[in-house]
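Comments concern the structure below.
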């Protein structure tokens, strides 16, 4: 049957990508339908019970800055919070949280069920409605046809998923859930380039059978307890609990090696490539043969369950081998496994077939987000989902697509990497992937993106008001520090030395003094009995005041580095956004090698910047493209001229 209501946007899948996509489109005022095979699994954490980490936490902050749900849901469900790399520079500091699976999922579902313009429907999708070269809807397993002006696919590991435990395997999207076999077949009919990847998960352990007395506790940060969202508060957090640490040993490794002849990875049963930076335990033992021990973190799955997640023991070995390797580790000698570990193979679709908006180049109105694009991780999925939802909404509204630049957001780095370079293994975000990471910090994600989010329609009034209060406070106090001057007459050496290490010899602004190593905003404000402190607190809420202080201190201390990076962005960006026509005939560009012509024709980059990052495209080739565009050929279709270009 044809459903009687036509929607603006349909989102297929209710994981981390799908939920953010649906919420974003609905916040923009689009009539949105989220189709999921099971409403009870909306927002489910399929693998590890944690959010964030290096690079990943940055993405979560960006999703939050654009009004997304992940950070606030983590604040409501987080049972341990830590700042990683806290002793290092601000660019690589990252928030990580352990989450109670039940509380996190409940927080996401609550937002979905109470979001205006968003409807939910429980049915697996088996087909897409395509008319000409455009998608116009989706068909569920019982034949219900839903029509829409845009469709966002966020199918995760469900597309033709196959689960492996030892040499046994069966179809499934994840343990306990069916695979999306028909939908995968339909996408293949559309001739979209695709491949196979794999990921895995460890066995889960009954905490009642763990001997914690011999294990090392790893508590979270307690003074202060971090929050994830820019709107987060510590009183949102449930009870905080520790993780625990154990280690593999030579016996563990011997057990694994002896079982490799029954491993689907090492017997050729699994064809998909797994994530390099989250390897299975058998892969670790093989790749790092010289190491006699690996650290394993025992992470609680929640406050109302005894289930523990042994982070670092992802495996698809046979169950008897899993049991032996778990029992070989200290504190786990008598552990009971609640769920076996497994590997899962699934289809992904080459992200080089997507525009920067995450819309398919081949099928109009069809957007892809999450693991279907070859990424791994909740955070990468959520960020893509948010962007796909925004761009689906913009398309419905007849507006131009939006994608952040590489110098503007980790989300921009993620998308640009995917659409220009593609993937040969599951893609994970790291701070090292960003050229401009000093400007792309967790602490300033709101300063980078919230105003854009407001213009796009995904940032509500409460977030916008909070952002403006923070931005104004940072600006006001920064200007005060720059305009408040001290000299030796009013700041004697005896008062200066405890804070500055020595007396001052000339006039300085407070901002000048704050730039010095080991001088903090707090110590500066305490100088001479608080003489230089602001008349009023930076904010009424202590947490907000701390965020403002951090922004001020980083902005002043790293001003020179950030300014140099901004100059580099401007220099490199002169031709970054110069458009390349969709029907560009690269054979007409004199001097381009056949290899370069073929690669450009295959990838169809939208801009000079994208073209420059395709493997094998040399700076000389980019120069030839620019010369060709400046000549105004291609039947009058040229990219926008940069400043100073001839007419």
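Using the three backbone atoms N, Cα and C, a Cβ is placed for every residue, glycine included.
Annotation comment: Swiss-Prot describes 13, 14, 15, 16, 17, 18 as FAD binding site. The annotation NAD(+) binding site is assigned in Swiss-Prot to 274-288 on the grounds of sequence analysis.
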**Message:** What is the set of residues, excluding 13, 14, 15, 16, 17, 18, whose C-beta falls within 8 angstroms of the centroid of the C-beta atoms at the FAD site?
**Reply:** 11, 19, 20, 21, 36, 43, 154, 156, 370, 381, 385
**residue 288 (NAD(+) binding site) and residue 13 (FAD binding site), distance between Cα atoms, whole Å** = 37
**Prompt:** How big is the Cα-to-Cα gap, in Å, between residue 14 (FAD binding site) and residue 282 (NAD(+) binding site)?
**Reply:** 31
**Which same-chain residues, if any, lie at least 6 apart from residue 16 (FAD binding site) yet have Cβ under 8 Å of it** = 43, 70, 370, 378, 379, 381, 382, 385
**Request:** Calculate the distance in Å between the alpha carbons (Cα) of residue 274 (NAD(+) binding site) and residue 17 (FAD binding site), and round it to a whole number.
**Result:** 20
**Item:** Per DSSP, three-state class assigned to residue 14 (FAD binding site)
**Value:** coil
**Prompt:** Of 15, 18, 274, the binding-site residues given in the record, which has the fewest other CB atoms within 10 A of its CB?
**Reply:** 274
**Asked** Using a 10 Å radius around each Cβ and counting other Cβ atoms from all shown chains, which of the binding-site residues 13, 280, 282, 286, 288 yields the largest count?
**Response** 13
